[in-house]
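Pulled from TrEMBL:
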DOMAIN    26-302  domain 'G-protein coupled receptors family 2 profile 2'
TRANSMEM  27-49  transmembrane segment
TRANSMEM  70-89  transmembrane segment
TRANSMEM  109-131  transmembrane segment
TRANSMEM  143-166  transmembrane segment
TRANSMEM  186-212  transmembrane segment
TRANSMEM  233-250  transmembrane segment
TRANSMEM  277-298  transmembrane segment
Amino acid sequence: MASPRLETFCCPNRDASTEFVINFQPVFFSAICIGSAGVSLVFSILQILPKRRGYRRLGQYPLPKPASSSRILFIISVCDILGCAGILVRSSIWLGLPDLPVSEFTSQVWIQLFFSASFWWTFCYAVDVYLVVKRSAGLSTIVLYHMITWGLAVLLCVEGVAMLYYPSISSCENGLQHAIPHYITTYAPLLLVLTVNPVLFARTVSAVTSLLKGRQGIYTENERRLGTEIKIRFFKIMLVFFICWLPNIINESLLFYLEMQADIKASHLKNVRNATLITWFIMGILNPMQGFLNTLAFHGWTGFHVDLSFQQPRELAWDSASTSVAAAGGYNPIVGSTLHYQSHIQEAKKTMAANGQQPSDAISVLSE
């Protein structure tokens, strides 16, 4: 799991509420984390590996110049995989070598760094798809996204850990004051995605709908279906994010409430303690699973038929897309290409259906 509470593991004077959750069934909790992280790691890697031609999803039929959105989805998956690997290593250390505080500290910083980067990349994805539809983004923006995501992730991670372990790991300060900056730097990108991404996705769907309607002045069944698939794709991405990380916010709120009590073992706090432990174990299961669930939201189930030949996928014969959309008042390089080549998309869907596979939603083409 990914919790800033675990980074206080090396502090000899950590608060009572953190001591309470960390010392409750530590072996069983570590085993749960290892199981969840192991499953997520294996299936996440399986999902992003190239598949055989008959099982290629629709999004793997590339446009001439893929937009940055498809690259961002891949980077998010890589960050999730690396964060999940950190959880697997840290939990294994808990079980096998609990007396290695340096390894404990290193693995937890690793986890925070890559999950924080995953949050920032998820935010950048929402920004990018909106700007692409508004014709304000392109391949060049990927460099800016790299600077923003990795810069902020490293900066906030270093600042938070430095404040937490001031003046040294062996003599951490007592009280909430020194820990608050660490929690803020951890949860700031998480709360940003939870609050801002739904707004950006909603505005993107609205903009796409306007483009689809304005193409020929009518809103056909195919265009309505495309708009619906785009909306479903965004909904699945946010649903996965809420499921995996909302327990963290609930658990952190409960722990702060317990920390403000004079005696966390008081009888009237029994329900709060039980809720805290329940959400703590839920976090241990769902946090590592984000990698696998994200790949399902991005691509759907891609199957077991891995293609390790590393051959380039078959290119489609793309024509010039400057007629119908341009006549409607401006050509959008992403939406315009998607709409203009519905025949190629339908052909790809028929080919995949003949192989017994369900076609992926058209948002993968739109994202690219």
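Cβ atoms here come from the backbone N, Cα and C positions, even for glycine.
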Contact ranking winner - 27-49, 109-131, 143-166, 186-212, 233-250 against the transmembrane segment (277-298), Cβ under 8 Å:
27-49
Taking the domain 'G-protein coupled receptors family 2 profile 2' (26-302) alone, what is its mean pLDDT?
83
Counting Cβ pairs under 8 Å to the transmembrane segment (70-89), which of 109-131, 186-212, 233-250 comes out on top?
109-131
